[in-house]
Amino acid sequence: MEPEKSKPKIVVLASCCVDFITYAPRLPLPGETLQGDKFTTGFGGKGANQCVAAAKLGGDCHIICRIGDDDWGIKYKENLISFGIDITHAKITKGVSTGIAQISVAANGENHIVIVPGANKYLSTCDVEEAKVLVENADILISQLETPLETTYEAFKLCRGIKLLNAAPANINIVEILKYCTLLCVNEVEASMLVEFEVTISNIKHALQKLLLSGCKVAVITLGEKGAAYSSEEGESIFVPCKKVTPKDTTGAGDAFVGALAKFMVSHRDYPLHQIIGAACDVATKSVTKEGTQISFPEKYDAFNEVYKYTIL
Ligand code: RIB
């Protein structure tokens, strides 16, 4: 009998936040008090969301993160364990609270988010050093920008696998990191800040090519309900549309996309990137039809049952 092949390792250098979510008919204007319909809490944070999205799709996921020494921190660890995520490098930070996110969701699914990083600010280069063997041997390492930049920089330098940076929330001080980045993934707003012009579907090829000059091998720009586009070093630029759905809650859709993209890049290595991006769009689209972040991500779902449409730009 052949020995069972081990699954590719997905390592996420992650932010963890507790989401305090209010649902209201629309988003409030500055200075306005609005009556909402519902309040709920959930587990969020872009990094942890991405890790959970990949784990729910069957990925072998490992998280490197910092949570506070409050009740939320304990509950957060239990939440990660419930998805089968390895929490060896999930550390409690003494005297600090777990990160929180204040989220408002409108009836049309749009959201506003304010985060207070709390323990996420303490994710350090020492944490990366302690997880060195894991980071070096990751098949894919994912990071975002809700934790200190120097920590991501250190981890990307060490990792011998694919390095996926989701440059969210927007930050223009990432030039040094991009040199070590295999795949950069941003939304239209983040892309616009990086390329210094307003990115739209009509100029997206130009924006992608400008992002590639930063040193990454593949650049992906997500366009919300419209889909996503990418350019690679090899010269191809492709747009992949999303299926149309009626959104309930778009919170975390970008994270569902990133987590799925990472999972499929290592589990379906022989597939063309447009098919992998189509499948990741499909996962994100499914997530917006349900309320919440991590709880809205699809589980045990074979996104490769179909062939996704695409257009060469
Ligand atoms: O991308 C959505 C996430 O952003 C939320 O879960 C919130 O915690 C913030 O980090």
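In case you wondered, yes, glycine gets a Cβ from its N, Cα and C as well.
Asp255 is the residue from Asp71, Asp86, Asp249, Asp255 that TrEMBL records in the substrate site together with Cys17, Val18, Asp19, Gly45, Lys46, Gly47, Ala48, Asn49, Glu146.
TrEMBL names Thr222, Leu223, Gly224, Glu225, Lys226, Gly227, Gly254, Asp255 for binding ATP. Of Asn173, Asn187, the residue it gives for the same site is Asn187. When the binding-site residues Cys17, Asp19, Glu146, Asn187, Gly227 are screened for a Cα within 10 A of the Cα of Gly292 (K(+) binding site), the ones that qualify are Asp19. Here the C-alpha separation of Gly227 (ATP binding site) and Ser287 (K(+) binding site) works out to 14 Å. Listed in sequence order, the residues Lys248, Thr250, Gly252, Ala253, Val288, Thr289, Glu291, Thr293, Ile295, Phe297 complete the 8 Å Cβ shell around the K(+) site centroid, once Asp249, Thr251, Ser287, Lys290, Gly292, Ser296 themselves are left out. Not one of the binding-site residues listed as Gly227, Ser287, Lys290, Ser296 brings a Cβ under 6 Å of any atom of ligand 1.
Excluding Cys17, Val18, Asp19, Gly45, Lys46, Gly47, Ala48, Asn49, Glu146, Asp255, which define the substrate site, the same chain contributes Ala14, Ser15, Cys16, Phe43, Gly44, Gly99, Ala101, Gly252, Thr293 within 8 Å (Cβ to the Cβ centroid), listed in sequence order.
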